Amino acid sequence: MMKKNLMLIFGGVSFEHEISLRSAYGIYSALMKLDKYNLYPSFIDKITGIWYLLDSVPDAPELIKRDSSAIISLIPGCGIFVNDEDLEIDVVFPIVHGRTGEDGAIQGFLKMMDIPCVGAGILGSAISINKYFCKLLLKSFNIPLVPFIGFRKYDYFLDKEGIKKDIKQSLNYPVIVKPAMLGSSIGISIAYNDTQIEKCIEEAFEYDLTVVVEKFMKVREIECSVIGNEQIKIFTPGEIVVQDFVFYDYDAKYSTIPGNSVVFNIPARLDMKHLLDIKEYAFLTYKCLELRGMARIDFLIEKDTNLIYVNEINTIPGFTDISMFSKMCEHDGLDYESLVDNLVSLAFQSYAKRKERIDFKRLEN
């Protein structure tokens with residue numbers, strides 16, 4: 001049986017570029033061990049956005065070679081080319097975190113190219129990455145969320161005092177301020193009073209045009225891995241215990257060694273009710289957002305009340321050596337290599353289902 005051609009896309013014009021490189025190295029290593037696919041590692045430069053075909057995914061960013069003779073051309077309706085040679089890609093595994101990778105852009109382009117894509121589709125990606133619109137949708141399905149307010153930059157500067165008053169009255173201090181479309185806790189800060197809120201909001205606007213402000217609470221941070229298309233597998237949740245940080249920010253996630261300031265507990269220490277509720281909310285969230293392939297759904301449990309809240313959805317979760325997504329799957333018996341292989345299979349299955357639905361010859365006759 002001939003091997004399929006798999007393109008692994010990583011890097012990207014994104015604040016999460018460096019995390020993508022680490023995730024790509026893990027996935028590439030797993031795919032090499034599987035030896036089931038012809039691999040085409042494709043790197044997107046952070047500054048120029050140029051796509052380069054690489055020989056492999058190096059374990060250090062400085063080893064990436066930007067060879068002008070290996071620039072990738074993408075032509076909808078024709079194919080993916082390097083030096084006029086069609087690579088004949090059968091499936092793409094995008095591991096670009098944040099903008100262009102998780103917002104539906106790559107997914108939409110690959111749909112136009114008629115190439116199967118690992119992970120969520122256009123709609124699920126676009127909604128999930130935008131914290132504000134995602135919360136509005138989940139709220140309409142009565143999924144529990146931390147009290148929040150969202151607004152665009154234009155509206156804020158049009159009525160700054162009105163929005164600040166609304167935050168104080170509706171949420172009360174302290175509050176946590178987030179750019180709507182960034183992951184890895186980039187651009188997030190906490191405001192404890194009227195003086196700080198303005199600074200926090202304006203800092204968040206440096207990253208995005210929409211900001212979400214949430215009530216800040218003392219919480220437990222629970223994460224849940226989910227994979228599947230029509231049939232969904234929900235894995236045993238894990239807990240992140242943050243010891244030396246106010247919340248699980250970028251430094252806590254990627255600049256510390258697990259076991260020092262951050263401890264991963266898999267499984268999370270939950271009573272049966274909380275365990276079942278979290279799995280149910282994970283299932284409902286996955287379905288409401290029309291996700292497929294994979295997602296990591298993050299939860300908060302308020303320490304004072306024990307109430308559960310859905311926090312964020314990651315349609316392309318981290319695959320680094322310290323990422324929770326694969327570790328939770330591994331706890332339930334699905335090792336890293338098998339997880340990666342399953343995700344590629346799910347992409348082919350989803351593509352085949354979509355092609356069945358869109359049978360133009362049958363519909364037109």
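Placement of Cβ uses the backbone N, Cα and C atoms for every residue, glycine included.
Lifted from Swiss-Prot, the feature list:
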- 168-223: ATP binding site (BINDING)
- Asp298, Glu312: Mg(2+) 1 binding site (BINDING)
- Glu312, Asn314: Mg(2+) 2 binding site (BINDING)
- 135-345: domain 'ATP-grasp' (DOMAIN)
Packing count at Asn314 (Mg(2+) 2 binding site) (other Cβ atoms within 10 Å of its Cβ): 23
Top Cα neighbour of Thr210 (ATP binding site) in the set of binding-site residues Asp298, Glu312, Asn314: Glu312
Secondary structure of Asn314 (Mg(2+) 2 binding site) (DSSP, helix/strand/coil): strand
From Asp298, Glu312, Asn314: binding-site residues whose CA lies within 10 A of Val175 (ATP binding site): none
Other CB atoms within 10 A, centred on Val175 (ATP binding site): 26
Distance from Ser189 (ATP binding site) back to Asn314 (Mg(2+) 2 binding site), taken between C-alpha atoms, in Å: 20
Alpha-carbon spacing, Ser189 (ATP binding site) to Asp298 (Mg(2+) 1 binding site), which is rounded to whole Å: 18
Nearest recorded site to Asp298 (Mg(2+) 1 binding site) by CA-CA distance, among binding-site residues Lys168, Gln196, Glu203, Met217: Met217
